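TrEMBL lists H70 with the feature active site, proton acceptor. Taken from TrEMBL, the feature Ca(2+) 1 binding site covers D71, V74, G76, D78, S80, E89. For P162, the entry in TrEMBL reads substrate binding site. The heme b binding site feature in TrEMBL is assigned to H192. Annotation comment: TrEMBL describes T193, D245, D253 as Ca(2+) 2 binding site. As annotated by TrEMBL, disulfide bond applies to C39-C115, C72-C77, C121-C325, C199-C232. For 29-329, the entry in TrEMBL reads domain 'Plant heme peroxidase family profile'. If you look up TrEMBL, you'll see 1-27 marked as signal peptide. If you look up TrEMBL, you'll see R66 marked as site 'Transition state stabilizer'.
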Amino acid sequence: MEFSCYSQRFVLVSLLLAVAGGVLVEGQGTRVGFYSASCPRVESIVRSAVQSHFRSDPTVAPGLLRMHFHDCFVNGCDGSILIDGAGTEKTAPPNLLLRGYEVIDDAKTQLEAACPGVVSCADILALAARDSVVVSGGASWAVPTGRRDGTVSQASDAANLPGFRDSVDLQKQKFAAKGLNTQDLVALVGGHTIGTSACQFFRYRLYNFTTTGNGADPSIATSFVPRLQALCPQNGDGSRRIGLDTGSVNRFDNSFFANLRDGKGILESDQSLWTDASTRNLVQRFLGIRGLLGLTFNIEFGRSMVKMSNIEVKTGTVGEIRRVCSKVN
């Protein structure tokens, strides 16, 4: 992966976001450049850690992106997903397959050496999520920082995370509860353009879903069903992982939305964004369908990520700055 164009993409997208409005880069006490005096190398250290781990294991990119999402949707973006221990968020069923913790630990170790006790784990995760998109070919955006780390992490609080069987209406409710609108929902789900899902989370769509036809979910393209059944046999290994964006699993682009249009969404919750009329228009706009006012996915994804990263953040004297991300001080 070539990283030489990182700075150019960062400047371009950052300018576009800034022009669109200050709310995109600041909110609830966070701001771009929070560590400019106290830890000026924070972004380069986090970026270097992400790049290094990505070179040896590309799965850390979607892992870190999901981790940030799961962190923010449970008591805000406070790094509580990183805390070890019995009954913590990390042990909740939706979080058991998250990966990339070692990247955060690596970055934290380096930052503690450079500027001890200054940079929060929550901010490291927010920056790492952005950098994961960039190493996967997506555009950058300016990440507001200044979050502090939470001290509470309970698995039970993760029960209301968006799920793979959720209807569009339920997804809208969960996103709205966090201050995110329908366009944010579609844009952020578009993050599934990178990464995989285990067969156990969608195999039910392939067998005995209906009593007619081939028994599969009718929203799946008929020609696509045999391929998925071959990858995920009815009594096969439920942990086998399948790309969420067929044909572009490791590339951050808008092809995910083309797959939804073509009936090739892997998760039921993803495919429903096309089958539900209330979100289909947004999918079409991200695809640039002729006759509709198009939306640039890379730009809108960054906008929505900034909004999400400001959910219920802890700033000022609330929370703490963890010395080790997996342990409360």
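Including glycine, each Cβ sits where the backbone N, Cα and C put it.
Positions of TrEMBL features highlighted on the structure.
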residue	record	Cβ within 10 Å
C39	disulfide bond	19
H70	active site, proton acceptor	20
C72	disulfide bond	26
G76	Ca(2+) 1 binding site	21
S80	Ca(2+) 1 binding site	27
E89	Ca(2+) 1 binding site	26
T193	Ca(2+) 2 binding site	28
C199	disulfide bond	21
C232	disulfide bond	23
D245	Ca(2+) 2 binding site	29
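Cα to Cα, S80 (Ca(2+) 1 binding site) and R66 (site 'Transition state stabilizer') are separated by 14 Å. Neighbour counts were taken as the number of other C-beta atoms within 10 angstroms of each residue's C-beta; across the binding-site residues D71, D78, D253, the minimum falls on D253. Taking the Cβ of C77 (disulfide bond) as reference, residues of its chain lying under 8 Å away and at least six apart in sequence are, in sequence order, H68, D71, A122, L125, A126, R147, M308, S309, N310, I311, E312, V313. Here D245 (Ca(2+) 2 binding site) is compared against the recorded positions H70, C72, H192, C199, C232, and the shortest C-alpha distance is to H192. For the pair H192 (heme b binding site) and C325 (disulfide bond), the Cα-Cα distance reads 26 Å.
C39 (disulfide bond) sits 19 Å from D78 (Ca(2+) 1 binding site), counting Cα to Cα. Using a 10 Å Cα-Cα cut-off from E89 (Ca(2+) 1 binding site), the recorded positions that qualify among R66, H70, P162, T193, C199, D253 are H70. Closest to C121 (disulfide bond) by Cα-Cα distance, out of the recorded positions V74, D78, C115, P162, D253, is D78. P162 (substrate binding site) and V74 (Ca(2+) 1 binding site) are 11 Å apart (CA-CA, integer value). For the pair C72 (disulfide bond) and D78 (Ca(2+) 1 binding site), the Cα-Cα distance reads 7 Å. Around R66 (site 'Transition state stabilizer'), the same-chain residues at least 6 positions away in sequence with a Cβ under 8 Å from its Cβ are L98, G191, G195. Here the recorded positions are C115, H192, C325, and the one whose Cβ sees the fewest other Cβ atoms within 10 Å is C115.
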